Amino acid sequence: MRTTREPVTVQVAVDPPYPVIIGTGLLGELDELLGARHKVAVVHQPVLAETAEVIRKRLADKGVDAHRIEIPDAEDGKDLPVVGFLWEVLGRIGIGRKDALVSLGGGAATDVAGFAAATWLRGVDIVHVPTTLLGMVDAAVGGKTGINTDAGKNLVGAFHQPLAVLVDLATLHTLPPNELVAGMAEVVKAGFIADPAILDLIEADPRAAVDPSGEVLAELVQRAIAVKADVVAADEKESELREILNYGHTLGHAIERRERYRWRHGAAVSVGLVFAAELARLAGRLDDATARRHRTILSALGLPVSYDADALPQLLEYMAGDKKSRAGVLRFVVLDGLAKPGRLAGPDPSLLAAAYAALADEDAS
């Protein structure tokens, strides 16, 4: 796979198709992608105010009436009051149907700005500029938008494909190491469900896999985005196949909710991946070596592979509200082999308990 620092484009073949442009120093591409717009709103997280202002000024120099809208960081920005605030500001500045939004930030910014774009005037264009690894390989690609409520994570949302996605790898240099590592959980997920070469690259040199200066991480980003683009093209609205992108997320979302979103999404998904692998192994669907490989790869990256031993009853309660459930029946994405995702519906409580026991952290109780 091409890994030079020249821009690489991955096409997401939905209707209409759109590009995910991967490279460095890509902000200059934004003007051309947006085209002729009267007004543009740049939705950004606080730490990116300076970059957002650079974008705003650049657009203003082109004659665009450009505005910055700051939203809270991380999961604090993914709720109805924040969306209501965005609607209010979009109305005040007069964003019309021919205008556009730009999201600048991590996955939470992509989710909430995308939801605002999907619902404002029943849909306006948006370009995503993800600045975290998680945003690049997951949230910004595929058109899923959403917010959190007391009922659960991402249960309120809409499908709204972006006009384009700009993945500027240079922004990874600004991430705290633990934020970069957390994003690797989604990369590992892509490897297990569809592209084992991702796993080989990480195992060969885990340290290089999280080095934003190297070519290994650049290739991992490209490969993970390509996996998601292929799945989204085959099943845009998550009628069936796209569910495989939720591998590890059933327990992961429950952990996030139990932790009141203080855990990073990737950290929770990492534990969820180990749990899903144990479920499949104990159900006789996944070989021991591949199940064990989950734990070794995630651990090598510095991601968590265990959780509070006493938490299962509460986690089961939260998982019951998972969007993959059907008629109250709990469903998991599992593996029937490497890069062979399947489903496990209505697992016996004893199986759930045994799988959880395999990752329970007695010290966290």
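Backbone N, Cα and C define each Cβ position, glycine as well.
Remember, it's a predicted structure, so these values are computed and weren't measured experimentally.
Matching HIS173, HIS265 to the Zn(2+) binding residues that Swiss-Prot gives (GLU186, HIS249) identifies HIS265.
For THR174 (NAD(+) binding site), the same-chain residues lying six or more positions away in sequence with a CB closer than 8 A to its CB are THR131. Cβ packing within 10 Å was compared across the binding-site residues ASP73, GLU186, and the lowest neighbour count falls to ASP73.
Of the candidate binding-site residues, GLU186, HIS249, HIS265, the one lying closest to ASP73 (NAD(+) binding site) when CA atoms are compared is HIS265. Among the binding-site residues listed here, namely ASP76, GLY107, THR110, THR132, THR171, GLY107 has its C-alpha nearest to that of HIS249 (Zn(2+) binding site). Listed in chain order, the extra residues whose Cβ falls within 8 Å of the Cβ center of the Zn(2+) site residues GLU186, HIS249, HIS265 are LEU134, ASP138, ALA185, LYS189, GLY248, GLY252, GLY266, ALA268, VAL269, GLY272.
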